[in-house]
Amino acid sequence: MTTIVSVRRDGHVVIGGDGQVTLGNTVMKGNAKKVRRLYNNKVIAGFAGGTADAFTLFELFERKLEMHQGHLTKAAVELAKDWRTDRMLRKLEALLAVADETASLIITGNGDVVQPEDDLIAIGSGGPYAQSAARALLENTELGARDIVEKSLSIAGDICIYTNRFQTIEELTY
């Protein structure tokens, strides 16, 4: 699977992801880019789950952003509705972590859109490890959002067999 982590702190929101792609018990690729910018670079997003499924969802989410003039929450809710009700989309297996200058959200295939209380998102197989590391760093250091994401991904990469230490990181400043 993968690890995606997002942290919001001091006017910065960052999403980072590892690069490992596995097929069964074989590592197929180590430098996949699972985080990208959307909607005129105003939204950042990362995915955990099937790569082809995630690219389909990125495309659909970007269309929703265009339709709703970049309103992140509205676009996320509309994507989640479609994902839950459309027969073809229901078969897609992925999670999205998305953020803009105002909100950080998790979008699931069950039709859930979750905004975490503490603006910390960690999804994928290494998510619990990255979340624990990020929470400890948020509560006990003055590190910036990018440093916390980098360190959390590194820790998850050391622990989770489906996560590696290759990192793709995107950041928005607001």
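Using N, Cα and C of the backbone, Cβ positions are placed for all residues, glycine too.
Secondary structure from DSSP puts Thr2 (active site) in coil. Under 8 Å, Cβ to Cβ, and six or more positions away along its own chain, Thr2 (active site) finds Gly17, Asp18, Gln20, Lys34, Phe47, Ala48, Gly49, Gly124, Ser125, Gly126, Tyr162, Thr163. What Swiss-Prot lists as active site is Thr2.
Among the features that Swiss-Prot reports, Na(+) binding site is placed at Gly157, Cys160, Thr163.
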